[in-house]
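Before any comments, here is the structure.
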Amino acid sequence: MTRRQTVDQTLVKAEDDSIYFSGNSLGLQPKKTKIYVNEELDNWAKSGVHGHFVGAFPWALADECLVEQMANLVGAKKEETALMNGLTVNLHLLLLSFYKPTSNRHKILMEAKAFPSDHYAVESQIRLKGLNPKESMLLLSPEEGCYVGFDLAHAVGNVELRLHDWNVDFACWCNYKYLNSGAGALAGAYIHEKHRFTIKPTLVGWWSHNIKTRFEMDNNLDLSFGVNGFRISNPPILLVRSLQAGLEIFNQTDMKALRRKSVLLTGYLECLIKHYFSKVPDNPQKPYVTIITPSDSEERGCQLSLVFSRSTKSILMQLMKRGVTCDQREPNVLRVAPVPLYNSYHDVYKFIKVLNESVKATGHQVNDEASV
Ligand SMILES: *Cc1c(COP(=O)(O)O)cnc(C)c1O
């Protein structure tokens, strides 16, 4: 959706920047992405198959060129981290190895109303083992010793992570949200090194084979240890180079510094929303906002989820007309994500102004479908 398609030109000045608060869905494009991707298109045109092993970014090893940077960002060792596939595919590959149900230990604990892809992945994994999700997918408190795996889609590049130190068993994530590596970007996976010799991939391909003997192609699998053995195909070079552009920006700073700004930026947004849009007891007609995200900054990332006392859909429409990009989750939640990398305090201030205009513009509506 371009700005042109959603913005009402009569409500904004042509020279005004839009306010992009959707980094939680799709991060903006780094300036280097186009350069890096074009470099590989040139390499391919000029070198053909030789590109696999020549140049600064030999395609066959391209993911490994970035894995250390990625590992730093999630607080893991590079041997515990792999760049491969998309997030849901990685979730399936990890569950195939970590989920070995028995008759008295077959339940997967997960949040109700999880992201649909996660829900479907877990459901289909349970069915794959011949079990019934109604019995094996329950909300239970975990027993001591069970494996713990995380989907970090909204955590990587948003909050500080120390997967290794926290003793997390396995995790996977996508890199197109806060990591700005482009829609469908190459995803990441992690397995703690303590499982290096015990957890084996269920599905393998030629990239699961130890690099030292991979190209002998004798079809006797010499499996790489740990998460590296979970890689199936050769890495997609164009996606690797887009990921490089995304990761390099994070490498110029660190999550500690970004979080410092993030806590202030989101705190500022929270403070202004509470100031201007709190419920006024003696004026029940005045529209108000409830923030359903935890108010303790240690319990949240940069995103705030807002519930309006009147139709969220119509407020979102008014916001979009005025050049704001954010999104809605049914039935009545508006998600706004000021991203510390590219959003400013001024963006937050302008957002509040525009939000006020937008709420006013919907004021004539009597249809309070989304009352809290
Ligand atoms: C964005 C997101 C996904 C998307 O997965 P893809 O396989 O990359 O499309 C999955 N799970 C969660 C929790 C997400 O936020």
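A Cβ is built for glycine as well, from the same backbone N, Cα and C atoms used for every other residue.
In TrEMBL this protein carries:
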- L87, T88, F115, P116, S117, D118, D151, H154, Y176, W206, N234: pyridoxal 5'-phosphate binding site (BINDING)
- M1: N-acetylmethionine (MOD_RES)
- K177: N6-(pyridoxal phosphate)lysine (MOD_RES)
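Shown here: features listed in TrEMBL, placed on the structure.
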residue: L87; record: pyridoxal 5'-phosphate binding site; CB count, 10 Å: 25
residue: F115; record: pyridoxal 5'-phosphate binding site; CB count, 10 Å: 14
residue: S117; record: pyridoxal 5'-phosphate binding site; CB count, 10 Å: 15
residue: D151; record: pyridoxal 5'-phosphate binding site; CB count, 10 Å: 21
residue: Y176; record: pyridoxal 5'-phosphate binding site; CB count, 10 Å: 23
residue: K177; record: N6-(pyridoxal phosphate)lysine; CB count, 10 Å: 25
residue: N234; record: pyridoxal 5'-phosphate binding site; CB count, 10 Å: 16
Quiz item: About how far apart, in whole Å, are the alpha carbons (Cα) of F115 (pyridoxal 5'-phosphate binding site) and K177 (N6-(pyridoxal phosphate)lysine)?
Solution: 14
Self-check item: Recorded pyridoxal 5'-phosphate site residues L87, T88, F115, P116, S117, D118, D151, H154, Y176, W206, N234, farthest C-alpha pair in Å
Solution: 31
Exercise. Scan L87, F115, Y176, N234 for binding-site residues whose C-beta lands under 6 Å from an atom of ligand 1 and note them, or write none.
Key: L87, F115
Quiz item: Expressed to the nearest Å, what is the distance separating D151 (pyridoxal 5'-phosphate binding site) and K177 (N6-(pyridoxal phosphate)lysine) at their Cα atoms?
Solution: 13
Practice problem: In three-state terms from DSSP, label D151 (pyridoxal 5'-phosphate binding site) for me. | Solution: strand
Quiz item: According to DSSP, does L87 (pyridoxal 5'-phosphate binding site) fall in a helix, a strand, or coil?
Solution: helix
Quiz item: Which of the three DSSP-derived classes (helix, strand, coil) applies to F115 (pyridoxal 5'-phosphate binding site)?
Solution: coil
Exercise. Please state whether DSSP places Y176 (pyridoxal 5'-phosphate binding site) in a helix, a strand or coil.
Key: coil
